[in-house]
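Going by TrEMBL, these are the annotated features:
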- 26-440: domain 'Major facilitator superfamily (MFS) profile' (DOMAIN)
- 24-45: transmembrane segment (TRANSMEM)
- 65-85: transmembrane segment (TRANSMEM)
- 97-114: transmembrane segment (TRANSMEM)
- 120-140: transmembrane segment (TRANSMEM)
- 152-172: transmembrane segment (TRANSMEM)
- 178-198: transmembrane segment (TRANSMEM)
- 262-288: transmembrane segment (TRANSMEM)
- 300-319: transmembrane segment (TRANSMEM)
- 326-348: transmembrane segment (TRANSMEM)
- 360-379: transmembrane segment (TRANSMEM)
- 391-412: transmembrane segment (TRANSMEM)
- 418-436: transmembrane segment (TRANSMEM)
Amino acid sequence: MDDAKSSTSIAQGKTTNARNFPQYLAAFTVSIGAFGQGTVLAWSSPAGLPLMDGAMGFPVDSEQLSWTGALMPLGAVVVMAPMGWAIDRLGRKNTMLLLVVPFLIGWALIMWPTSVGMLYAGRFLTGMAGGAFSVSGPVYTAEVAQKEIRGLLGSFYQVLLTFGVLFTFAVGSVLSPFWLSAVCAAVPVLFAVTFVFMPETPVYFLRNDQGENARQSLRWLRGPAVDLEPELQELQLAVDEERKNQASLRDAFKTLGARKGLLVSAGLLIFQQLSGVNSATFYTTVIFKDAGSKMAPTQATIIIGAVQVVTTIVSCLVVDRLGRRILLLTSDLVMSLCMFALGTFFYLQHVGHDTSALTWLPVTSMVLYPWLMMGELFLPNIKGIASSISCLLNWTLAFLVTKFFANLVAAFGTYTTFWIFAVLSAFGVLFVYFVVPETKGKPVDLIFREMNGDLVASPDFPLKDRDTGLSVQGMRGASAVYM
């Protein structure tokens, strides 16, 4: 797509052409941070076996390796609380540029550790930086993009994250942990030297009463031939409305719809993490070594990383066509079947059954392992609080599952551990089927009203207002402001 290509919108009776290229450039550049997060997530998988063999000058046992993996999400947990303050006070752009510092310090500690404690500290710091990007990156992208392409640009983050995982699996198959860490450390440097030329978001400037700076930012993002005033007015109205309706933590979840939204969001995160997804990412190489697969563990991880990239891209392309529920149901069902298959393989191996004819099974099960999440459940006035709670829950569960995966294997066996994941994923299928609403093509306030019990089904139209009896079809225009 070249610089001249534009998206057309109607504002105040005149056609305005906004350039897409600057928005694509800003979204792609910030997603280099997501790539860096992916390298942090995946590092312990290719580095795991060499670490246990003393590649860093000292051997790492299985318990220490579990802490090496788990301290990454624990770092993300710690950074969640100050991130909201940082991006609002320092700005989205400045906050992300400052995150390069803990990234580089962390990678330096990992490259030159003199003890396992330094390795732990490096993983913790890189986890802090990666977790902070998981909050600030999507916020930045959403605030620089036009509504017409916001969803597409938002998908850049997840796609680049999976590319980061694949890149680390591939590079880690041929490089030592030291040189793998050196290559990974180059990613935040690349991010810094490119992202420094991107603008701060117009929303941040408007929140801080810097109208002229907001106009200049929007001019860079939309191009010189655009009448910016309609969009600036719309953004200002949204900021003013958010200030007016800003809810405290106590008041945020007084309504039934808000509580249901938090329940659905938390449930999806719980079942995603308890499915064993992070154990698969952190310990893939170790799992394949234990499975005795004919394929080299490093080669198997590369295949898994490649399939994750393809799955993520396909999910982004079809989610608005098929709907969220069908993809979530499919995701949890496949997770359950994959974990059951892996558990069965390790059980047969445990009881002495000849599994040489089944060495394809671990690779196939891990390749089919999908990754999917959803949002769109909170009104703007509580979205910040709800998102913070959700992110904190996500990383806390990631830490617990990653840390205690090895302990579960030691206590109950590999096969039982994977069967536990399979059962939890099966419960996830039931949760999605009975609890999660479909959000496809619906404005946020309409989703909220459904969960709040304000809308009821009718024969002539799927939803009607419970109090007025008016069809939702006639009310959708007023809902568009939340899209």
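For all residues, glycine too, the Cβ spot is worked out from N, Cα and C.
Note on the domain 'Major facilitator superfamily (MFS) profile' (26-440): mean pLDDT across this stretch is 84.
Residues 23-24, 27-28, 30-32, 34-39, 41-43, 45-47, 137-138, 141-142, 144-145, 180, 183-184, 187, 281, 284, 298, 301-302, 304-306, 308-309, 312-313, 316, 371 of the same chain lie 6 or more positions beyond the ends of the transmembrane segment (152-172) yet place their CB under 8 Å from a CB of it. Here the transmembrane segment (120-140) has long-range neighbours at 26, 30-31, 33-34, 36-37, 40-41, 43-44, 67-69, 71-80, 83-84, 86-87, 92-93, 95-96, 99-100, 102-103, 105-111, 113, 154, 157, 188, 201, 387-388, 391, 395, meaning same-chain residues at least 6 beyond its ends whose C-beta is under 8 angstroms from one of its own.
When Cβ distances are compared across the two stretches, the transmembrane segment (65-85) makes no contact with the transmembrane segment (418-436), since fewer than 3 pairs at least 6 residues apart fall below 8 angstroms. No contact links the transmembrane segment (326-348) to the transmembrane segment (97-114), because fewer than 3 Cβ pairs that are 6 or more residues apart lie under 8 A. In this chain, the transmembrane segment (178-198) touches the transmembrane segment (24-45); three or more CB pairs sit within less than 8 A of each other, excluding pairs fewer than 6 residues apart.
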